[in-house]
């Protein structure tokens, strides 16, 4: 009919809250509170780290609320860096997401899902590695198919599995409260005894903030959010306090039931907690972790497809990735591509090594977006800003981001070097395929056929 095919605004406020909560609460809170405790050996300090990690993520989300309402394009960090600093820096952000961040995140969360989904069938041993990989692949393919078929169904899955993981965490919290109210407070008697320094607490914050990862994911789909000027900040204000409260109280429950020694030796704290508190129903914990991670994979897939779609619309990826289904209004090629990249990551036994490069790239990207916010305030003071946060907020958040980038650079210089090489490797790709306009005809034809 001659009308332009575009993404439709089908994401409601409730869906937006489900995307933020569902993407943040993945496997982290069930599996990795040990990451914080191992750095402090202190119950009190660990709880403070979890609380401040939530507050810090909330500050970042509020800064992103300003960015998301003055630059209403989907794509998150990529769109903001493009607006502030131009195509090269935006392409580098897209490049590391394309080859490392998104496919590896999806693969890791899908593997975690598969590990826990298989666990009830292998209670006395570990599930076979190939069975876990195949189940992870099924999870990725199934959710990609749903996301290609319908935005509404993808959002229903997100809402359903977000509710399931919240239910699981509420069960953990209630069990912990009952345990504490019965007078079981032995592990809280010396809350600040431990082995910690400024450096170790800083590294503990790294683990806490990693568990809060995903607070900016709604910004990747603002073009599909109904009334983004109102619903983006509202979703942040609703979702972030929910997640922070649940994370804090769940850790309180863990510390009430699981001793420090057990926590340090346990690969999954929630499973140890379930074994001690739920008796014959201990099988329910791995089932709920599986439900949680299944919803997490759905949220990451949904936002990844939109990121690559926007990159293609800007000419930074082949135009094929900008195609939208004429009836379903879903970015099918982008979703299929992100699924295929994740399946490739499942084939590699070294996929977990890439996690080491995540933090540097992730926080560099977030820091660049916050610098972009400050720069746009200076360069375009009259740009419409439905939400305008106090200047102290982005400045203090940026200082913390610089701190978070500096820690691993000193502690793990080799991983930092590899992370920087991954970023810089995008420069020649940009110069050859995007910046170079007068390419020979044979190269253009070959590229088009490919």
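Heads up, the Cβ atoms here are built off N, Cα and C, so glycines get one too.
Checking the ranges 106-124, 163-181 against TrEMBL, the transmembrane segment annotation falls on 163-181.
Contact between the transmembrane segment (163-181) and the transmembrane segment (329-348) is not supported, since fewer than 3 Cβ pairs fall under 8 Å when only residues 6 or more apart in sequence are counted.
Listed by sequence, the residues of this chain that lie at least six past the ends of the transmembrane segment (77-96) yet keep a Cβ under 8 A from its Cβ atoms are 67, 71, 216, 219, 307-308, 310-311, 314, 316-317, 361, 365-366, 368-369, 371-373, 375-376, 379, 422-423, 425-427, 429-430, 434-435.
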